[in-house]
Amino acid sequence: MKNNNHMAIRRLSKRSLKNNRIRNLFAVSAIILTSMLFTSVFSLFSGMIQVTEETTMREVGTRAHAGLKNATMQQYEKAAADPSVRSCNYNIMLGIAQNMKHRQAEIRFMPFEDALDDYFISLTEGHMPDAEDEIIVDTYILDELKVPHALGSKIPLTFKFMGEVIQKEFKVSGYYNGDAISHASELFVSERFWLKLKGTRTEDDFIAWASEHPEESGQGLLSVNVTFSDNSHPEEKVQTLIRNMGYEPKTELDYGVNWAYMGTRLESVDPISCSITGTAILIILLTGYLIIYNIFQISILSDIRFYGLLKTIGTTKRQLRRLIMHQVVKLSVIGIPIGLVAGYAIGSIATPMLSRILYTYADIDISLRFHPFIFLFGAAFSAITVLLSCRKPGKIAGSVSPIEAVKYTEATVKASDNKRKRHAFSPASMALANLRRNRKKTGIVIAAISLSIILLTIVMTGIGSFQIDSFLEQRIAGDFMIGNASLFQSQASVGSYRPDDAFISFADAQPGIVSANEMWFGTGSFYKIDRKTRERLQKLDREDKLEHSYGLNPLKEDTFGGYMFGYTDGLFQNITVLEGSLDVDEFQNGDYILLHRFFGNSLLEPEDSPYHPGDMVTIQSITKDSTATEVTNDDGEVTDVVYDNLAEKQYEVMAIIEAPHSMDLSRYTPNGMHAILPLKEFRNGDPSHNICFAKSYRIQDDYIESFASALTDYTEQVDPLMGFASKQTYEKEFSGLTNTMSVIGISLSAVIALIGILNFINAVFTSIIARKREFATLQSIGMTSGQLKRVIICEGIGYIATAGILSLIAGSILSYVILHALNNVIMFFDYRFQIVSFLIMLPILFIVAILTPLLSFRQLQKESVVERLRDAN
C-alpha cells in the first residue's frame, strides 16, 4: 500500500530551511555568484559574436543574408515573391568614380529609402535623390573633394559606363558618416539619372556587355539583397531559392553569401576566444561546485543525527534525497534569477568596452543585444552545477543508518594501534590534528581558496607580461607618424596610402623636431627563381610552408612576389639582424638587399629562408614601359596579371632581418617575401609603384603638445584625408587595453575569491557549531577559552597557509603552461611571472582566517559549557 507523503516531505523541507538560516544565506550567495559568473561569461561571449558579426557585415556592406549577382528585374520579382524571403531589395551598379584616389567610390542606383539601414547608412542630413543631378554621398568623398558637409554641395564625378567615360557634376541631396571598416563608399543617384544614362539599352544589352567585358560585369544589372526568415544556413537557402525560381545556382544565376552568417555563430568567433570562454566556464563550474557541494556536505554532516532520527521513524532513502532536493530547488529559485540579472548587467556594461578596445580604429560601440540563449545557458549551467554539487550530500543523507548517525563525529582519520609518539600540547599541533580529522572537507576548502589565488595569479601574470615598449615599437616608429588617414584605418588600397606633399611640408616646418625619417613602399617587384632558390622552395613545400590556395603553385613559376620597403638611415636602429650583419652606409650605396623573415603570412626561421647572406638575388621591377596582360579562368574571372618588359637588377643579400610592424603596412602576398632596398631605388623609381607612405618624427619633450596640436588642426580643419598617430595615443590605447583586461580578469578573480572565502567562512563556522559539544568537553576538563581560540585560529591559518603554498606551486606552473605560448602569438607579450597576486590575496585571507574563528567562537560562547553539553546530548 502506497503512502502519499509528498506534503509531509515538503513541510519537513520547509521547516529544515527555516532552521538553517545561516546555511541558506551562504548557499544562496554561492548560487547567486555562480549564476552571475556563468551569465556574465555567456553575455560577453554573445557580445563578442555580435561585434564580430556587425564588423563583418559592415565590411561586406550589407545586413542581408545573401545576394543574387547580375540579376534581371524578372529574377528580382521572383525572388521577392518567394515565401522563404522576408525582405528583398536591389541596387544597380553604374561604375566606380575614377577621380577618387584615396577611397573606392561605387556609384549605384537604389530606389528603396527604407533599405538604407541594410547598408548601415543613416543620413546625417538630407533625403533620397530625386532630381537628375542629386546624389547621396558619405563624408569620406566630401573630404577628399574638399567639399563642405552641407546639402547642395557640388560633387564632380568621372566614371565609365558601358565603355563610355561619363563626367557629371552632382548636387548633394543627403550625406552620411563614412565607415572606416567598409571597403568602399556607396554613392546613390536618382532614378531620373539612371533612366537617362540607361537610354534605350535593355537588360539583354547589359548581359551581352558583361560576357564580352567580364571586368565590368554587373553594370546595368541588379544586385539583389535577400534576407530570409532567419540567418541559419544562408547558402543552402539561397541555393534553394534560386532553384525555386527555375535556375541552377552559379551556372545560370550567380549568388554570394554574407560572410558574417557563414557557419554557426560559434564558428564566427576565433579559437582563442572559444578557448578562453571554455576555460572560464570550467573554472566557474568547478568553483561553484566546490562551494555549493561543501555547504551542503557540511550542513548534512552537521545535521546527521537529524537524518538518523528520520530513518528511525521510517523515512526512506529516496524520501531523504527528495527532502534535500526540495531545499536545493527552493534556494536555486531565489539565487539563480538574481545571478542571471546581475550577470547580464555585467555583460551589458563590458561588451561596449571590449568592442571599443578590439576596434580602436573604427566607430564601434555595440551594445549587448538581448538573446534568450544567454539566460537559458546561464540558468542551465547554474542549475547543473547546483544539482551536481548536491548529488553526493543527498546520497550521504539517504544512506546514513540511525546507529552511525548517533555515533558520528567529524573524525575520519584511522587511529593506529602501533606505537604513538607523545608530543607536548600546542595550539598548532592540535589544529593540525583537527584539519586531518576530515581530510576531504579540508581538501575541498583549500581547493576553493587556491583556485581564486591561482586564477588571480594567471590574470596578473598575463597583464604584467604585456610590454608597453614592444607594443609601441610595433605601432609607431618615433613620437609621431604622419600619412594618409587610410594608413591608420583598417581598409585601404595601396594607392590611398600616399600623403600629400603639403601635409609633409607643414609637419616639417614645426619647431622642436629632433629627427625625421621617411618610409617608402614599392609594389610590382618580383624575385627571379634560380636553381638554388627553387631547391629551397621545394624544401619549404615538403614542410608544408608554401601556400597552394587560390590556385597558386609557386614551384611552377619563374618568380615569386613580395613587398619592397625603403627607409632613411635613422630607422635602421629598429631592425633586428637574425643572420649576417648590417652596415647602413654600405647598404644604402645600392648593391645590397635585406630580406625579412616574413614569408607569405608566416615567420620563417633564418635557416629556412630561400636566401642567405652572400646569395645573389635578381629583382624584376615594373616600369612605365612594362605592359600588363590579365589571365582569366574558364568563368572569365581574372586570376593573375602577367607583366612584360620588366627591369632587372641583382643585389647581394646582406642580412636576414626582422622589423617591427610600425615600419610596414601589415600586408602580405601569398608566398611573398618582404625586403628592404636602398632608399635611392624608390626615389629614382616609377612613382606609380613607389610611394613614401609615412614619415616619422622624434620631438623634443617641450614641443610634443604643440606638435600634436598642429597636426590635429591640420587634419581636422585643412585636410581631413590626412592623418597621424602619436606615441601618446598608443600609450593611452595600451593603458585602456590592460585596464579593461585588468577590470574583467580581476573582477572574475574577485568573485571566485569571494566564493572561496564564503566556502572557508561556512566551513569554519559550521565546523565550530558542529563541534560545540567537543569544545564544551575540552573546556570542562580545564582547557581555557584563550587556548581554544588559538587552536581554531591556527586551524584557519592552516587552511590559508596550505592554500598559499599549493597556489604558489600550481599558479606558477599553470601560468607558464597557459601564458608562455602567447610569446609567439602576441608581438608585445613577454611572459613574466607576477607574485603580486599572493601579496594581494594572502594578507586578506589571513585576516579572514583570524576573524572568522573568533566571531564564530564568540557566537558559540553565548551559551554556557553546561548548556552546550546538555544541548549536544
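One-based numbering along the chain as shown.
A Cβ is built for glycine as well, from the same backbone N, Cα and C atoms used for every other residue.
A TrEMBL annotation is a machine prediction, not a hand-curated record.
The annotation transmembrane segment is assigned in TrEMBL to 276-296 (among others).
Regional average pLDDT for the domain 'ABC3 transporter permease C-terminal' (280-385) in the model is 77. The domain 'ABC3 transporter permease C-terminal' annotation in TrEMBL covers 280-385 (among others).
Here the transmembrane segment (328-350) has Cβ contacts under 8 Å with residues 13-14, 17, 24, 27-44, 46-47, 296, 367-368, 374-375, 378-379, 382-383, 386-387, 390, 744, 747 of the same chain, all six or more residues outside its ends. Taken from TrEMBL, the feature transmembrane segment covers 328-350 (among others).
According to TrEMBL, the feature transmembrane segment maps to 370-390 (among others).
Residues or ranges marked as transmembrane segment in TrEMBL: 444-466 (among others).
Annotated transmembrane segment per TrEMBL: 743-770 (among others), in sequence order.
Taken from TrEMBL, the feature domain 'ABC3 transporter permease C-terminal' covers 747-862 (among others).
Taken from TrEMBL, the feature transmembrane segment covers 791-819 (among others).
Sequence annotations record features per position, and here TrEMBL assigns transmembrane segment to 831-855 (among others).
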In the same chain, who gets a Cβ under 8 Å from the transmembrane segment (444-466) while lying at least 6 residues past its ends? 283, 286-287, 290-291, 293-294, 297, 734, 737-738, 741-742, 745-746, 748-749, 752-753, 755-757, 759-760, 763, 799-800, 802-804, 806-807, 810-812, 814-815, 818-819, 822, 826, 828-834, 836-838, 840-842, 845
Long-range neighbours of the transmembrane segment (370-390), counting only residues six or more past its ends (CB under 8 A): 31, 34-35, 38-39, 42-43, 46, 281, 284-285, 288-289, 291-293, 296, 324-325, 328, 332, 336, 339-340, 343-344, 347
Secondary structure content of the domain 'ABC3 transporter permease C-terminal' (747-862), with strand meaning DSSP E or B: 98 helix, 1 strand, 17 coil
